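Peer 1: Structure provided below as structure tokens; questions to follow.
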């Protein structure tokens, strides 16, 4: 066990004895230790390198150097890929014209990420579930492409200037987000570094109107950080307690499939996915807490005057676990990635943007066949969910009791659909994924096909066109009425 763990680690083995004691891979121990170190550094960064005490240059340098140190500790020389990817994309930004910069930057950055994923999976270690160097590269890819699109769109939207090399590396590789993100807007990050993200804001009275008083310039993130760390502790405890008791792989065990009634297989898969999600809750919530502790993530004030620290939050746990639709689940899971996909693909693709977005998400995640099976299934699930919502939901809105029944049924259906969709994402290999689908008789694929055929939904363009057509009809009616009135006036 120890030899295998050491072999799969690309970073420091300093914490190897601890990993053997708690029976976890050393690279995962390195990741958690580095994130806890980053949390301490975030507090120090806000107290001693505050914008009022330190220049933006020093804040950029320190944030970048700490980020490189954490990357080297976790991934060793593989962390050089972060610099290569950032350097290639920066060269594209400098030498390619503004009109096509975002396109070439997107191709180069995503292409380099995919190349690294191919080598990691098919050259080094297929099926490695531990922390790997392409994880941070996924976040860096989001940041690079977001910045390129922001600069390109700056002529018509919010102006974004070309960053210096130091600003660029600080944005991509700062210690707060180098290991687990999340991605963020370049303008938001620069406002944090410059100290301009805490502008005074009007307080609101009970009626929601400004009362002329101003909030304090810099709100405290202490309560939110403590709350998020408590969430991390609970999530980690649940994951470590249940992950080995309810492995997803058991759902394709021949003895389990042959001896277990189908409805119990469904329940087991749901519980296995329920036990797996706290791992992501822990990682993303801890990353959010680190950024908040450094003073990054302030998003204004609630109506009661309390500060909001959810600018770059990546999930809403209760909305995930009690989601009553496929869309609601996706909207609250990996939020910053969903926003990135919307900005760079969904809003810009003119041919089937939904399918294109799912395909891009699969490419970004990696090269395992299970990823592509998950996101292709996600397309079918989304189409079926839209059809059900548009055609069936209105019949249950006639009363509160009917609405509650609809919510309970759709919650159960959503959880089963998510579990069925995500199973190949966890199983990774195409053989095991197809074995899972066969054990379920491809039932949800067939059900989605039946729903989509029986309950068609208008495309986004048709839905957008209808109000315009209705507006034209109304204008024609009004013009016709005006003409009739004019003729009557002339006749009299």
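If you go along the chain as it appears here, the first residue is 1 and each next one adds 1.
Yeah, the Cβs are placed from backbone N, Cα and C, and that goes for glycine too.
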Peer 1: Give the range, chosen from 353-370, 371-388, 389-406, that TrEMBL lists as transmembrane segment.
Peer 2: 371-388
Peer 1: What parts of the chain pack near the transmembrane segment (101-123), using Cβ distances under 8 Å and only residues at least 6 beyond its ends?
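Peer 2: Residues 81, 84-85, 88-89, 92-93, 132-134, 137-138, 140-141, 144-145, 148-149, 151-152, 344, 363-364, 366-368.
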Peer 1: Counting only residues 6+ away from its ends, which parts of the chain sit with a Cβ under 8 Å from the transmembrane segment (371-388)?
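Peer 2: Non-local partners: 325-327, 354-355, 358-359, 361-362, 365, 410, 414, 417, 420-425, 428, 430, 433, 444-445, 447-449, 451-452, 454-457.
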